[in-house]
């Protein structure tokens, strides 16, 4: 196996046979323990002629959370806009069908479900302010 990751459980044994080991640990204390703790890997890999390379991961948990929330918000804006366009088009289609006496079998049901959901959402929003 050319590359291994420091891990637990079933993955640990195959990783011990890897040519390269990658660690991605949450803190400096964890890294120190993994490399030079009581059962650290540093002594064994040094005997094999291993070298250490550092490539720290930028950012932190807080920054990653903010980035993920921002990406989610951006995608939700697109979803909300698509819903607004869809309900407008559904209303136009329903009006056209009514004026030409052409039934849209599930169109009116979809429109009614949207109206029902909108009123429930409005009610919950008003309750939230109190």
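Glycine too: its Cβ is placed from the backbone N, Cα and C atoms.
Taken straight from Swiss-Prot:
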{"type": "BINDING", "residues": "1-17, 25-26, 30", "note": "NAD(+) binding site"}
{"type": "MOD_RES", "residues": "43", "note": "N6-acetyllysine"}
{"type": "MOD_RES", "residues": "47", "note": "N6-succinyllysine"}
{"type": "MOD_RES", "residues": "47", "note": "N6-acetyllysine"}
{"type": "MOD_RES", "residues": "101", "note": "N6-succinyllysine"}
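For residue 101 (N6-succinyllysine), the nearest neighbour among the recorded positions 26, 43, 47, judged by Cα separation, is 26. Cα-Cα distance from residue 47 (N6-succinyllysine) to residue 26 (NAD(+) binding site): 27 Å (rounded to the nearest whole number). The Cβ of residue 101 (N6-succinyllysine) has 6 neighbouring Cβ atoms from other residues within 10 Å, across all protein chains displayed. If you take the Cα of residue 26 (NAD(+) binding site) and the Cα of residue 43 (N6-acetyllysine), they are about 22 angstrom apart, rounded to a whole number.
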